Amino acid sequence: VYWESIFVVLPCFSGYAALFGLRHEVKVRLRIADDSSQASHHFGAAVSCLYLFGLIFRLAHKVVFSSLNPRVRVHVALTCMMLSMLVMSVVILTLECYDLYWVVVSYSLGGAAIGSFESNLLNCLTPFGHKTKRLAILGIPLGVNSILIGGFFLMGPPLQVSVTAVFAAVAALNFIGMLVFANWIPPSGETESGGMNELVADCKGCRHWLPLLWHYPLAFAVDTFTLAGFSPGLSLYVYNKDVVEVTAVGMVLETKTFFAFYNTANMLGGLCGRWLSYQLQQRHPATYVCFSVLGALLLVLQEPVLAPAGAFLVMLGDGLIYGTISRHVDSVIPQEFNLIAISYWLFIGDVGSLIGSSLISYLHDWLVA
């Protein structure tokens, strides 16, 4: 059981979380208001490149990196995430190059990284069995919440660490993740015959894997829509003042402290869901969509006291759906189609992410403005 795989997954998803979780901090630094202005909508389109390029590279990694096997693609993905963090921390926040072009570059690199990383890493870990993969996917909520909890805690009082330092630290983490993967996770015999020919062969062989899987990712698309659109998504723009009035009787928290509590519930939901997904009887992932939808409804109420419960339910649903599909792929999909099956599953999920992210500013206008 290669528990070290957690420390390969964690850095990449820390970068992913920094891009979607700290985008409001970036927006403030770019002096763009949370309103219905053209600049606000343009910023929303720029950060949606994270999901757009993630969607593209779910399948494009098989063509763009056709000469590389899945193990090398993992290193390329971590390098792209590190470069994304460096563009954000050095070019945008330190050198103050506030042109949205650089935001597009940073978020596009991050999207290409996450789109290439996830399917190739899971493919590399498949031969090591369910236990290794179960531990590896725990790195997703841990990585995300290293930023959504740890990052928000560091940026709040009394430490007041700058957002620039957080992005720079995540760049360093991704370099460490590459070292861990190179030195502690052994090769598993993965090969890739390469390029468009490989993708065409996978498509021709779809009768061997697609009927076993095609409807499973639809539940994941609903899940990723709620993640990108509502948690943290819309929540970052609902609670965007200096303090949050948690209760009517006057309990007030500094906003970053409030998000530290909010994201603790978020992390617990993700960890519980991913762990339980390998313990419960195998069911269709649509069974767990109710958790994601109920969590999103609680967040739409805009009641701060209910927000942590909403975040917990959204992430509980996400963990159960993600782990259930991962377990199903490993159990029923022939090994030679493992990578394309994972890529297809995550591709459909990214459609939900892209739609959810693109609608954030419009949801804000509808529910808040």
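Each Cβ is built from the backbone N, Cα and C atoms, and glycine gets one as well.
Here TrEMBL flags 5-22, 42-60, 72-95, 101-123, 135-155, 161-185, 218-239, 259-278, 307-325, 337-363 as transmembrane segment.
Segment contact is absent for the transmembrane segment (307-325) and the transmembrane segment (101-123), given fewer than three CB pairs below 8 angstroms at sequence separation of 6 or more. Same-chain neighbours of the transmembrane segment (5-22): 47, 50, 74, 77-78, 81-82, 84-85, 88, 106-107, 110, 113-114, 117-118, 121, 125, 132, 135-140, 142-148, 151, 163, 166-167, 170-171, 173-174, 176-177, 180-181, 185, 228, 232-233, 236, 357, counting only residues six or more beyond its ends whose CB sits under 8 Å from a CB of the stretch. Contacts between the transmembrane segment (337-363) and the transmembrane segment (135-155): absent, as fewer than 3 C-beta pairs lie under 8 angstroms at sequence separation of six or more. Packing against the transmembrane segment (42-60) from elsewhere in the chain are residues 16, 19-20, 23, 27, 30, 32, 100, 103-104, 107-112, 114-116, 119, 199, 228, 343-344, 346-347, 350-351, 353-354, 356-358, 360-361: each is 6 or more residues past its ends and has a CB under 8 Å from a CB in it. Contact count against the transmembrane segment (259-278) (Cβ pairs under 8 Å) is highest for 135-155, out of 101-123, 135-155, 161-185, 218-239.
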